[in-house]
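Visitor: Would you mind keeping the following structure in view while I ask a few things?
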Amino acid sequence: MKFATFLDQQIAEHAETLAVTGAAVREPFQRLVQACVDSLAAGGKILFFGNGGSAADAQHLAAELVIRYRYNRKALAALALTTDTSTLTACANDFSYEEIFSRQIEALGRPGDVAIGITTSGSSPNVLTALAVARDMGLVAAGFAGRDGGKMVGLADPLLIVPSNVTARIQEMHILIGHALCDQVEAVAAPA
């Protein structure tokens, strides 16, 4: 197979996934934007977390809110729970990898904050544990998933499920949805 043909196939797959994602996530997206705006207006914060590529998305989206997305404005309170290697490794060593995010939510989360777990499968144990702790503490426990939503269904609300079984396509939609989230939160919570 020629490389260009392969690239064309990847772009076509992306376009197919893009075509069905909007309708699938529209309603929970609106609720998530509102939850984030309400939390920030009340002095709360948004906590992002995930593993691997989803950890990178968590960092990326938190940075967009703290620094800027489209324009210079006041900083918005957001944090990626994927960046503190001392905390992550101490927790994994002393407790378990399953608790690396939930311990941070226990320490940093407050009722009314928004916790956003990102996992393409919807079933990453440490993300699920963190969402359960967040929900029990009175945070909005939201999620980005793919496939059929996995074990996040019934736990995360709002839950934005990308209707694809291909990890790369799910990740591409997650960052698109995340950018749209940052755009709308920035526009409402910190208008120019």
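Glycine too: its Cβ is placed from the backbone N, Cα and C atoms.
So Swiss-Prot lists the following for this protein:
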BINDING   Asn51, Gly52, Gly53, Glu64, Asn93, Asp94, Thr119, Thr120, Ser121, Ser124, Gln171  substrate binding site
BINDING   His60, Glu64, Gln171, His179  Zn(2+) binding site
DOMAIN    36-192  domain 'SIS'
Visitor: Pick out which of the binding-site residues Asn51, Asn93, Thr119, Ser121, Gln171 has the most other Cβ atoms within 10 Å of its own Cβ.
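Guide: Its Cβ has the most other Cβ atoms within 10 Å: Thr119.
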Visitor: What is the interatomic distance between the Cα atoms of Asn93 (substrate binding site) and His60 (Zn(2+) binding site), given in whole Å?
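Guide: Per the Cα atoms, Asn93 (substrate binding site) and His60 (Zn(2+) binding site) stand 26 Å apart.
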Visitor: Fill in the CA-CA distance, Thr119 (substrate binding site) to His60 (Zn(2+) binding site), as an integer in Å.
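Guide: Rounded to a whole number, the Cα-Cα distance is 15 Å.
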Visitor: How would DSSP class Asn51 (substrate binding site) in three states?
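Guide: For Asn51 (substrate binding site) - judged by DSSP and reduced to three states - the answer is coil.
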Visitor: Can you name the residues of this chain that are 6 or more positions from His179 (Zn(2+) binding site) yet have a C-beta less than 8 Å from its C-beta?
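Guide: Spatial neighbours, sequence-distant, of His179 (Zn(2+) binding site): Leu61, Glu64, Tyr69.
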Visitor: Restricting to the domain 'SIS' (36-192), what is the model's mean pLDDT?
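Guide: When the pLDDT values over the domain 'SIS' (36-192) are averaged, the result is 98.
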